[in-house]
Amino acid sequence: MQTQSRLEGLDAMRAVAVAAVILFHFGYRGAHHDILQAPLGPAVWPVAKYGYLGVQLFFVISGFIIARSAAARSPVGFGLARLIRIYPAFLFCMTLTALATVALGSPRFSVSLPQWAANLAVASPILGQPHVDGAYWSLVYELIFYGWIGLALAAQVFPRRIAILVAAWLVITVANWHFGSPIVRKLFLTDQSGFFAAGLMIFEMTRTGRIAASLPLLGAATAVAVAQSVMGAREVGALYSDTLDPFLVGGLSVAAVAGVWISLMLKSSARTRAMLAAMGGCTYPLYLLHQQIGYMALNSLAPAVPLWTAYGVTVVGLIAGAYAVFRYVEGPAQRRLQRLASARMDGARTRAPLAQEAV
């Protein structure tokens, strides 16, 4: 397995994940619920409707990356690293989306000042306000996952007891399928836990080298992830009055876990590594920007230019915008916050530097 600070194979997987989500939103969701004035036709739906599983791929990646980040840090250091990693881009992209919605959103999209203010906390539904962009729901799952990892660090059971923690999490998940507690579902992410747990077990295998001993629990996490994805597919199908193939959904879920594991073994040239790092760095701002701004751009462009031209210009524009955020907003803001955090720690050292990482 690779040991460098940046794993370019995971950058490639991030690019696959965000591409799948964009395909779902532009090729399938946008055609429903009167979102797009000129949607793509039904010919793309059989493929595009499975793109939402890109979020589950992100969760597997997150399970690995967050474990890798936390393993070498104190609870405070881990919390600061996560804050520095996710908040600058979120604040900028959320505010940009709100401003774009004020300018271009009517009549399909709207935003209010209280809604924007609540979104500063990321988990805006807790404050009674919807997300500025619906894609932010996955960030709430990420924050809850970070919280549990932080508690495990504080209890000094992470990373030494990853296997026990994962096993307990899976037991709680399966038990809640029977009891159906909405509180347990939200606190323990029992509709997505298998994906995070699979990422944790992949990290455990790379950390200890005990692949054979870890495989049964990785298999259990993957099985839970498959079951969760099949149950989730029913909900997605009901939402769009459509049917998703449960075998294909399950297979794609297994592929997400296998893809993350295999990606860790990939090696590349220096030139390819730089390109993949840029791709990986763009995925977070691209995820934050693409949906609502993309819909508004398509609704503005599609009446004036050919359909595929509108989609091409929108996607290229979003990628360029995401790169600009990554290069000129996110990076400088993170470096400044790292310096401020280091200065305010009064000489206290965390177990690892607050390095930039991808979600």
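Positions of Cβ are set from backbone N, Cα and C atoms, glycine also.
The transmembrane segment annotation in TrEMBL falls on one of the ranges 273-290, 291-308, namely 273-290. Feature annotation (TrEMBL): of 183-203, 246-266, the stretch labelled transmembrane segment is 246-266. With a threshold of 8 Å between CB atoms, the same-chain residues lying at least 6 positions outside the transmembrane segment (215-234) that come near it are 53, 56, 60, 163, 166-167, 170, 173-174, 177, 190-195, 197-198, 200-202, 205, 244, 246, 249-250, 252-254, 256-257. Counting Cβ pairs under 8 Å to the transmembrane segment (273-290), the top-ranked stretch among 50-71, 83-104, 246-266 is 83-104. Beyond the transmembrane segment (246-266), the same-chain residues lying 6 or more positions past its ends with a Cβ under 8 Å from any Cβ of the stretch are 1-2, 7-10, 12-13, 16, 50, 53, 56-57, 60-61, 64, 195, 198-199, 202, 205-206, 218, 221-222, 225-226, 228-230, 232-233. Within the same chain, residues 36, 39-40, 44-45, 47-55, 57-58, 61, 135, 240, 259-260, 263, 266, 276, 279-280, 283, 286-287, 290-291, 294-295, 298, 311, 314-315, 318, 358 sit at least 6 positions outside the transmembrane segment (12-30) and bring their C-beta atoms closer than 8 Å to a C-beta of that stretch.
Ranking 50-71, 83-104, 135-155 by CB pairs under 8 A with the transmembrane segment (310-329) puts 83-104 at the top.
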